[in-house]
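Q: Just passing along the structure, written as structure tokens.
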Amino acid sequence: MIEMVALTSDITLILVIVVSYLALVLGVGQYASSRTGGSREEYLMASRSFGTIVLLAALFATNMSAVVMIGAPGLAYNIGPNAYGYFIGLLVFTFPLLMMTIGHRVWLVGKQFGHITPAQVLNHRFESTYLGLFAMLLFTFWTVPYLLVGIQGGGIAFEALTEGFVPYWAGGLIITLVVLAYVSAGGMRGTGWTNAFQGAVFVIALIGFAIVIPQQLGGFRAATSAALEVNPALLNRADLPPLTWKSYTSVAVLVSIETFILPHLFIRYMTGRSSRKLQRTAVVYPIALMLTWGPAVMLGFWGVGQFPNIDNPDFILPALIQANFPTWLVGLALAGILAALMSTLDGQVLTLATMLTEDILRPFVDITDRAEVLMTRLFIVAILAVAYVAALLTRESIIDTTIFAFSGYALMFFPIVTALYTRRVTKHASAVGLALGFAGLWGFQLGILPGSLTFGFLPVIPLLVVQLAAMLVVALATSPPSDERIDAYANLFEDSW
């Protein structure tokens with residue numbers, strides 16, 4: 001029997017604030033829709049017109065999912081401030097470097113050849129028909145579990161901060177419907193503009209949480225001391241089993257390369273108005289990372305002192321907010337959490353729909369621009385419906401779900417990036433790399449491959465080594481594409497790093 005929660009005045013105020021915020025988001029999306037033309041290039045890529053601010057928001061906000069608002073505090077609750085270095089310590093250095101080098105090449109390829117998706121880049125570079133389709137299917141496979149994270153996070157946040165009045169299923173449904181409305185209407189411009197708005201909201205919210213909550217606990221020193229009284233090991237890496245050097249190395253490498261190759265970021269590298277805009281974004285991006293992950297991690301750590309025995313660490317941030325904020329601030333806090341969730345979910349679902357139309361329909365079906373935009377919108381509806389149902393059927397830890405999806409993305413890094421840097425790589429080498437990474441990861445996941453073969457690392461690390469070696473062997477044994485195609489890319493990259 002379902003237990004009904006009474007609608008109190010506090011819950012009513014929270015819901016009024018959240019509904020008002022969601023209406024603002026829909027308003028931004030609707031305005032973007034009014035500025036969006038009906039062409040394929042306009043709907044899917046915003047005519048490649050993003051300036052620095054919107055491009056930063058499109059790349060940053062779409063990458064700050066429930067992982068930072070729900071997963072990061074939950075991870076820090078278990079392992080302390082080490083969660084910051086564990087997850088993004090290397091990323092703040094590697095991501096801007098990758099954006100300025102590989103990202104610049106991706107932008108050039110999109111500008112020169114009109115590519116929209118990673119699959120189109122692979123097919124064109126290797127003069128292939130089906131390699132891109134294979135890559136697209138793998139990207140889709142790994143994005144689906146990541147999609148669930150946003151819907152799960154919305155359900156968790158609503159349920160916790162309304163004291164169960166809005167249950168998990170309803171919270172997830174609200175998020176799904178709002179994202180559906182503004183993404184289907186505004187396309188890439190709609191997601192970019194709402195990302196700019198929502199990115200500002202959740203950054204301000206996180207910084208505000210990190211200032212106000214410890215003051216409610218007696219100050220920064222008192223909040224830290226209270227957490228250490230409960231678990232002194234939180235400031236000692238040696239006492240926490242997950243934080244071995246092999247685990248640190250595994251996650252650092254994993255997050256650094258998978259973040260760059262995420263399909264919803266890859267496509268957005270090509271939306272910048274100029275390469276200069278992309279370079280400026282690369283400089284600012286790590287600052288934005290630190291401004292979000294730092295507060296999120298410390299909040300989870302401080303939560304140990306106030307809630308030493310919480311059942312699910314993913315609920316620690318909502319619990320802190322509910323215990324330390326007046327009702328009206330709880331409503332604003334919930335809006336801040338939802339901003340982070342939706343700003344990732346929208347980019348992911350638009351990217352999946354774009355890949356379905358660009359990589360499956362367009363190459364094999366004679367379709368007009370208008371029909372393609374319509375089909376993209378229909379795919380958005382279908383993808384969100386499937387993701388919502390899947391989110392109801394699984395309640396795995398957000399970090400666990402994310403790590404698994406990230407491993408799949410990471411194993412697509414070398415097969416794609418080598419196409420932009422080496423003349424000798426072939427479509428067969430890229431295909432073998434993609435297949436080997438997928439099969440190997442599932443081999444470890446299902447226990448077919450013994451865990452001893454990881455040598456204490458996450459499975460993705462030895463798989464990356466084997467993958468690269470296999471690609472080298474296959475590349476030397478097979479024929480590259482035509483000299484004309486290789487030269488076209490080599491000339492394009494002549495002045496690139």
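Using N, Cα and C of the backbone, Cβ positions are placed for all residues, glycine too.
Just lifted these from TrEMBL, have a look:
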TRANSMEM  53-77  transmembrane segment
TRANSMEM  83-108  transmembrane segment
TRANSMEM  129-148  transmembrane segment
TRANSMEM  168-185  transmembrane segment
TRANSMEM  192-213  transmembrane segment
TRANSMEM  248-270  transmembrane segment
TRANSMEM  282-305  transmembrane segment
TRANSMEM  325-353  transmembrane segment
TRANSMEM  374-391  transmembrane segment
TRANSMEM  403-422  transmembrane segment
TRANSMEM  429-449  transmembrane segment
TRANSMEM  455-477  transmembrane segment
Q: Are there residues at least six beyond either end of the transmembrane segment (374-391) with Cβ under 8 Å to its Cβ atoms? List them, or say none.
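A: Residues 43-44, 144, 147-148, 151-152, 155, 172-173, 176, 179-180, 183-184, 187, 349-350, 352-354, 356-357, 361, 367.
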Q: Would you say the transmembrane segment (403-422) and the transmembrane segment (129-148) are in contact under the rule of three or more C-beta pairs closer than 8 Å, pairs 6 or more apart in sequence?
A: yes
Q: Sequence gap of 6 or more, Cβ distance under 8 Å, 3 or more pairs: do the transmembrane segment (325-353) and the transmembrane segment (248-270) meet that?
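A: Answer yes: the transmembrane segment (325-353) meets the transmembrane segment (248-270) with 3 or more Cβ pairs below 8 Å.
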Q: State the residues, same chain only, that lie 6 or more residues beyond the ends of the transmembrane segment (282-305) and have a CB under 8 A from a CB inside it; answer 'none' if no residue qualifies.
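A: Same-chain contacts beyond the flanks: 52, 56, 59-60, 64, 68-69, 72-77, 80-81, 83-84, 87-88, 91-93, 95-97, 99-100, 103, 199, 202-203, 206-207, 209-210, 213-214, 217, 223-231, 234, 313, 316-317, 319-320.
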